[in-house]
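Peer 1: Before anything else, here's the structure in question.
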Amino acid sequence: MEKKPLTPRQIVERLDQYIVGQLDAKKAVAVALRNRYRRSLLDEKLREEIVPKNILMMGPTGVGKTEIARRIAKLVGAPFVKIEATKFTEVGYVGRDVESMVRDLVETSVRLVKEEKMNEVKGIAEENANKRLVRLLVPGRKKQTGAKNPFEMLFGGNQDQETGEAEKQEDADIENNRKRIAHQLALGELEDHYVTVEVEEQQPSMFDMLQGSGMEQMGMNMQDALSSLMPKKKKRRKLTVREARKVLTNEEAAKLIDMDEAAQEAVQRAEQSGIIFIDEIDKIAKKSGASSSADVSREGVQRDILPIVEGSTVMTKYGAVKTDHVLFIAAGAFHMAKPSDLIPELQGRFPIRVELQKLSIDDFVKILTEPDNALLKQYKALLKTEGISLEFSDDAIRKIAEVAYHVNQDTDNIGARRLHTILERLLEELSFEAPDVTMEEVVITPQYVEEKLGSIAKNKDLSQFIL
């Protein structure tokens, strides 16, 4: 977690930089995160009693459900994993079991903690890596092996003295060369020189085929046990100094990190600040008034998810992980089903319900221009590499937004994702001709938008296939 936790208002402001509208959803996740901080300040007895209030987001596709959860996890440095509810199967059937979401969360947490620890020791690791690079670029003299014959031992006194002096001179030359190379490395003059480095060979896992209920974890455990018994193979690779430094820095950093301590911290972080985002939860809801064998299977998955959301202990290769204080955010479009179609026990575990609104024309205009990673900024940057300054007039932006809105209304509503298809269609010819275009500035006008998209957008049959 951050040293200075963000207030709910600050969290919403940060989210506004990337996501347009959806204030209710932003507030809900901001409060959930702030409550985690509040809980951490309580005494231990009360802290254990307070569980996170899980959130259920409802709204059409492409309005920002997943993006809100993903950005929130980045803001606070929390372990975050996004899973699809439809990927899981009931216990006893072939497929992923629901406990794998917790194992994925712990793996993410371990990766986060490991990165942080590596950044802490990066300076020392780089220093050690540079020393190793110097030794690789200027190897030491080879030590002479093999016993001397008896005559040499008796009569070769002067020769020994001469050899000793020659070796001293050679050592001094090597040391001077190493100082010179170290200086050149520091100045970055040797970045493109090649050097041969020994690196650990990545062996393909024989347990990749072990998938399904329980087998996945068993395969990982057996693989870990065998890898600790078998010596790690190394292979020689020819790399540039720049690439070799990265490899050696990682190796040196790994030596400086206590992995047992890192794993312990990662498990604790997953338990206390982990976020699991369950997408497409409406797809495992039983359809109203319908009944089939598929519905029975869906209900089975819900019943398997239930104990994890309620709070249970899951075994992972890093130890037992409790899910009591993991924050679960579920999301679904709920076109065909309603939240009430979920089993009652699961409904009760998502007390905070947030409905995300459909995007209006004004929302589309904001999405195109306002966020830090706005689509128009991306296209401008791409064409800038070809020496073209791409500009959009305000009326053209409005026209693009209107086309996106109307196509969503007339066909399937896919939210902001519609803008991707429309902009690709609009700029297709320009992107193709860009390397040969001599104009330095290209301005997109409403007339150009109408010319490229107008006829397609108005024809419902065409827009279904093209936009």
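Glycine is no exception: its Cβ is also placed from the backbone N, Cα and C atoms.
The annotation ATP binding site is assigned in Swiss-Prot to Val20, Gly62, Val63, Gly64, Lys65, Thr66, Glu67, Asp279, Glu345, Arg417. Per Swiss-Prot, the feature compositional bias 'Basic and acidic residues' maps to 165-174. According to Swiss-Prot, the feature region 'Disordered' maps to 147-174.
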Peer 1: When DSSP states are grouped into helix, strand and coil, how many residues of the compositional bias 'Basic and acidic residues' (165-174) land in each?
Peer 2: 10 helix, 0 strand, 0 coil
Peer 1: Indicate the candidate from Glu67, Glu345 with the smallest number of other Cβ atoms within 10 Å of its Cβ, considering only these binding-site residues.
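Peer 2: Per-residue Cβ counts within 10 Å for the binding-site residues Glu67, Glu345 bottom out at Glu345.
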Peer 1: Find, among the binding-site residues listed as Val20, Val63, the one whose Cβ has the highest number of other Cβ atoms within 10 Å in the structure shown.
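Peer 2: The residue with the densest Cβ neighbourhood is Val63.
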Peer 1: Could you give the maximum C-alpha to C-alpha distance in Å for the residues Val20, Gly62, Val63, Gly64, Lys65, Thr66, Glu67, Asp279, Glu345, Arg417 that bind ATP per the record?
Peer 2: 34
Peer 1: For Val63 (ATP binding site), name the DSSP secondary structure in the helix/strand/coil scheme.
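Peer 2: Its secondary structure by DSSP: coil.
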Peer 1: Taking 10 A as the limit, how many CB atoms besides its own sit near the CB of Lys65 (ATP binding site)?
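Peer 2: Lys65 (ATP binding site): 26 neighbouring Cβ atoms within 10 Å.
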Peer 1: Three states by DSSP: which one describes Val20 (ATP binding site)?
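Peer 2: Looking at the DSSP assignment, Val20 (ATP binding site) belongs to neither helix nor strand, so coil.
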